[in-house]
Amino acid sequence: MKKGATQFITESDLPSLRTKDESKNLGNDLEKALEEHTLWKALFVAYGGPYAYAAFLKAIQDCLAFLQPQLLRWLLAYISWYQSARFGKSGGSNVPSNLQGFAIAALMFIASVIQTITLNQYFQRTFETGMRVRAGLVNAIYAKSIVLSNDERTRASGDIVNLMSVDATRLQDLCTYGLIALSGPLQITLAFISLYDLLGWAAFVGVGIMIFSIPLNTFIARVLKRMQEQQMKNRDKRTRLMSELLANIKSFVRKISETRNNQELKMLRKIGVVTAFNMALWSGIPLLVAFSSFATAAVVSSKPLTPDIIFPAISLFMLLQFPLAMFSQVTSNIIEAIISVKRLSDFLNARELQPDARKLINNPVLDRGDVVLSIEDADFSWDADAAQPTLEGLNLTIKKGELVGVFGRVGAGKVIPFDEHSYSDWD
């Protein structure tokens, strides 16, 4: 900060990247894990250590967050006791010690400091894990694209770009808030235990509302999953058309516009409407839960709603709002991540070039008439899974200095035997 106040900060002023965070090392860690595990397990084996520690920090932060309303309740009860003892009919007798109030305030301060530290350390590790996941996946995708077999090279380059820019980023986003899927139930449980202690059975009116909303949220999540799958197909289709556009712009410009307007943008509008409804639902649930719980407590409970009950309960409802509101986003992130992992797994498990299919033989300089290329009883096919080879039983010998011509109709397989050979070697 001192240096930046006097001059511009450049890249050379930044500290060097840690060795374990370099893209090459992150990619190697993922490739080693993929040799023994599926992609989900490989990601956890390669980068899951700090993420597990982040989960531990989040659990501590959640417990401290729900300790604050209890400390607030004790503080309000102490103030009420102090005022009634000092200014009440007792005439100042039985006044609580000031040390008790200072102790409660000190506990609230210490809990807040520890909570802030653990929360920031939690986010630090989740962001680092997300960065490592994305860097490792991009490295693995690039390395895989270089060694794809011939039949797998028919994939559009835009599809591979989408894997790097879209799918890898989705898994990075999941790392940021993915632990809410575990932390959310813990927070909800702690909230209702505390609310039951404050409001009694009236708090479970809110539980009933939450239970009723879970099937609705599940249904919306399934709808979003189907929409996201269709949207990824639309995006891949547009990307492939864009690649073909570079070869023939006039023929495809209208088709690309139709794909974008009629399919992709239309699906985006649908996804936006469903997502907005889902967020509105989860944002309104905490308010409905608080209103129903207080109303029920006021009607059925003989216990008065004093400040040491109302304000801690409001704090608990505010704490309850975050996990409920984030559930919709985390659910969407998990759905998107599942789809992306499937797409990434299909690509990373694609067939590769056989390293032992070609042997380099260091021959002396060949004279005119020596054999340069020899093919004996060979079968060739464009597709490795083809039921019938394009060429069968091919025998061909080419000598140095010969001019060889191959004739046949389009698609008959003229190029197949020479697809992997350099014509300059035959001169």
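Just so you know, the numbers here start at 1 and follow the chain as drawn.
Note: Cβ is positioned from N, Cα and C throughout, glycine not excepted.
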When you get a sec, could you say which of 64-85, 174-195 is annotated transmembrane segment by TrEMBL?
-> 174-195
So which residues does the transmembrane segment (174-195) touch in its own chain, when a touch means Cβ under 8 Å and the partner is 6 or more beyond its ends?
-> 51, 54-55, 58-59, 62-63, 65-66, 69-70, 122-123, 126-127, 129-130, 133, 203-204, 206-207, 210, 293, 312-313, 316-317, 319-320, 322-324, 326-327, 329-330, 333-334, 336-337
Near the transmembrane segment (102-123), which same-chain residues lie under 8 Å Cβ to Cβ, leaving out any that are not at least 6 residues past its ends?
-> 54, 57-58, 60-61, 64-65, 67-68, 71-72, 74-75, 78, 176, 179
